[in-house]
Amino acid sequence: MASLIYRQLLTNSYTVNLSDEIQEIGSTKTQNTTINPGPFAQTGYAPVNWGPGETNDSTTIEPVLDGPYQPTSFNPPVGYWMLLSPTTAGVIVEGTNNTDRWLATILIEPNVTSQQRTYTIFGVQEQITVENTSQTQWRFVDVSKTTQNGSYSQYGPLLSTPKLYAVMKYGGRIHTYSGQTPNATTGYYSATNYDSVNMTTFCDFYIIPRSEESKCTEYINNGLPPIQNTRNIVPLALSARNVISLKAQSNEDIVVSKTSLWKEMQYNRDITIRFKFANSIVKSGGLGYKWSEISFKPANYQYTYMRDGEEVTAHTTCSVNGMNDFSFNGGSLPTDFVISRYEVIKENSYVYIDYWDDSQAFRNMVYVRSLAANLNSVTCTGGDYNFALPVGQWPYMTGGAVSLHSAGVTLSTQFTDFVSLNSLRFRFRLAVEEPSFAIMRTRVSGLYGLPAANPNNGREYYEIAGRFSLISLVPSNDNYQTPIANSVTVRQDLERQLGELREEFNALSQEIAMSQLIDLALLPLDMFSMFSGIKSTIDAAKSIATNVMKKFKRSSLASSVSILTDSLSDAASSVSRGSSIRSVGSSVSAWTDVSTQITDVSSSVSSISTQTSTISRRLRLKEMATQTEGMNFDDISAAVLKTKIDKSVQISPTTLPDIVTEASEKFIPNRAYRVINNDEVFEAGTDGRFFAYRVDTFEEIPFDVQKFADLVTDSPVISAIIDFKTLKNLNDNYGIGKQQAFNLLRSDPRVLREFINQNNPIIRNRIEQLIMQCRL
C-alpha cells in the first residue's frame, strides 16, 4: 500500500541522529578560532558610545503610566484604568456587553448653551441634548441605555480643566469619574458579563493599574506630568549662528550631522505609488459547478515615473491582512453552484504596500529615524467575474469598493525572485464605499467590501501620490555602502519557494485521474520510488532521504507516535502491577484516552461528540499499527503526494522535506474511522460526528461510546473511505447488496475501482472530495 512511505519514515527517522551528531562534531571543531580584526572592524551596529549595558534581575516593574496608545477597539483587562486624553469634542469612548449595558462618553467644549446635537454611537445616529455652562472647563457626560433599542439617559457629568477622563472594569462594575476637578471622584455602573465588555476609543489613551488609582485620580484632577524629552547640546561656532534657515523642499538631501566616518542624511522625496492586487481562484473537481477558493495573494509591480526631471525605477509589493471569509452554497447536489470560500476586504482589513526605488534614499537604508509620510487616498473598485458553469446561465460576481487611507509607515524588506530590497512599508486602513457587491443570478446582494474575484477591475494599477521624509545614518564617504541588515537568507528564500510550491500543489488537485489514483494507492511506495521523480543525481538520493527523515522526525505524526509509545509503556506497567480487569481496561486506554471519562457517565463533562472525536484522533496510529487488506486515508494521501511530486515543475531537494512533512499532517484533515462488530458498524470522525448502523439495512442504532471504545481496543480499525452518508445515499439511489456493503465498509480497493470505472457519480464525488482535501 502507498502508506508504506509514512511507515518507513516513522520507522527509520531515528537513524538521522547519527547524521546530526556528525554535523555537530564538525561544527564544534571549527568554532574555537580566534581572529584579530585589527583597529577597524565591520560590525552590525551603528557607531555608539558603549556603556556597561543592562544588568538583568528577576524583578518585574509595572509602569504607572503606560502609553499613549492610538485609538482602537479592544477588550481592556480587568483592574486597569483606561485614561482617555481627547483633543476635540464628541464621542470619545463607547463600550457594551451586548446584553444590558450600552455606555458611551461625550466630551462637550466650554460655553455651550442647551442644544440638540447628532452623535454616532455604536454606528447609529443619535439625537442628544447637551450643554456646558462653564466658561473654562470641559464637560464629560456618560450616556447609557439598558436595551439595544432603548433611549439614552445622561449620568455623572465631569467638569474638567485638564480634559482627561478614565474608565475601568472591576468587581462586576464599570467605574468612571464624576464631579468637578480638582475634586473629581469615582463612580460606577453595574453590568453583567462586565469582563467581556469591548471598548472602542476615539482618542489617545493610557493604561494605569488599579494599584495606582491614586495616581490616576491625581492625573484626572491636575493633568498629566510633562513628558521627558531628550535634549542634545551641540556646540556651534559663532559663524554658524548667521546661517539662514531654509524650508525643506519636496526632493532634497540634507546633511543633519557629520563625523569622520558617519553622517546623518535627511531625505525628502515626492513619490508615486503604483500597485495592484493579485488573486488565486481555485476550482473544485467534479462536474464543474463548484469553486473551492477565491483569495488575495501578494502582487509585485515594477514601473518608472518622472521626479524633478529624473526617471525613477520603483518596485512595489501589495499585500492584504485581516480578510473576511464569505461563502455561497447553492445546495447539496453535485450540479448546485457552490463557492466554499471567497475573501473580502472591509473596514477591519489593512492593505500593506512595500515601496522601493533606485534613488539615494534607499541605498543605505539600515539605520533610520524620524520616518514620516503624507499620502493621498485612493478608491479601489471591483469588476465582474463570470463563473463558467457547464450548463445554464452563468452567475457572476460584480461590484464592491473600498477606499485606502494612510495609517502609518515602517521599514520592511521586499523579496523578489533575484534580490531583497530594504523598503518602506505603507499601511492603509480601509473604508467601504459604494457600490456594494453581489453574485448575480443568486440571492447574494447588497454586501459591502472588495471581493478577491476581480479587485483591479481591468486596471493595470492603482496610483497614490504623496511624499516621505526620513533621516538615515550612512557612511561619510558616499562610495561606501552599509551592509544590508535584512538580506535574503537561505531560510527566507526557501519560504518563498515553499509558498509557490504550495500554490502549485493545490492547483494540481484538479489534474489527478481517479482510476490511476486507486492503482497508485495500492502500490507499496517506498522512499526510492516516492522520490524518483526529483531532478537530482543518484549521489544526492541518500542526502534527500536523510533530510526528509530529519524533518519528518519533528512532525506532529512522529510526535504522536512517541507520545503513544510512552502511553502504551505506562499501560503495560499498570497491567503488570494490577490484577483487576478494571486496571487492564484502563491501561489499554492509551489508544482511546477517554476511559476515565466513560467509567462514570454521570460525572462526565464531555459530550459523546467530544469523546468520539478524542478517540478518532488516535485511530490513525491504531490503523497504522494493525494493517488490513483495505485501503486507508494514508494510501490516498501518499498516492496524491506522489502524483503531485511527479507533475510538479518546482519541486527540489531543498523543498521536498517540508512538503512531505506538511502532506503527512495536512492532507485529508477530515477523516472518519469505523469498527465492525458482526452486523453492526460504529463510525466516528475527527470532526465529532458519529454513527452506529446495521450493515444490511443501513438503519441507525444508538451509539454506545463504551462499546465503541472496547471495539477500538480489540478490533481492526478501518478508514471510512466511503463514509456512512455516502453509503446510505448509494443504497437509496442504486441499491447495494450485503456483500457489496461489507466490501465498501472494508474499503476494498477492487470494489472501489469497479464503481469508479462504472462512473458512479456518488462514489466519484466522494473520492474527489478526498483529493480536494489534499491541500497544503
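The backbone N, Cα and C atoms fix where each Cβ goes, glycine too.
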Of 120-147, 456-483, 484-511, 568-595, the range Swiss-Prot labels coiled coil:
484-511
Quick note, R101 (site 'Binding to sialic acid') and C380 (disulfide bond): C-alpha atoms separated, nearest Å, by 38
What residues, ordered by sequence, lie under 8 A Cβ-to-Cβ from C318 (disulfide bond) and sit at least six positions away in the same chain?
F275, K276, F277, A278, P298, A299, Y301, V351, Y352, I353
Check the Cα-Cα distances from S190 (site 'Binding to sialic acid') to the disulfide-bonded residues C203, C216, C380 and tell me which is shortest.
C216
Treating G and I as helix alongside H, and B as strand alongside E, what does DSSP give for the region 'Hydrophobic' (389-409) in helix, strand and coil?
0 helix, 13 strand, 8 coil
Count, for each of the disulfide-bonded residues C203, C216, C380, the other C-beta atoms lying within 10 angstroms of its own C-beta, and report the residue with the smallest count.
C203
Which residues of the same chain, at least 6 past either end of the region 'Hydrophobic' (389-409), have a Cβ under 8 Å from a Cβ in it?
287-289, 335, 337, 342, 344-347, 349-351, 371-375, 377-383, 424-442, 447-451, 453-454, 464, 466, 468
All chains considered, the count of other Cβ atoms within 10 Å of the Cβ of R101 (site 'Binding to sialic acid') is 20
What's the CA-CA gap between C203 (disulfide bond) and C380 (disulfide bond) in angstrom, rounded?
28
Whole-Å Cα distance, C216 (disulfide bond) to C380 (disulfide bond), is 45
Around the C-beta of S190 (site 'Binding to sialic acid'), how many further C-beta atoms are within 10 angstroms, looking at every protein chain?
11
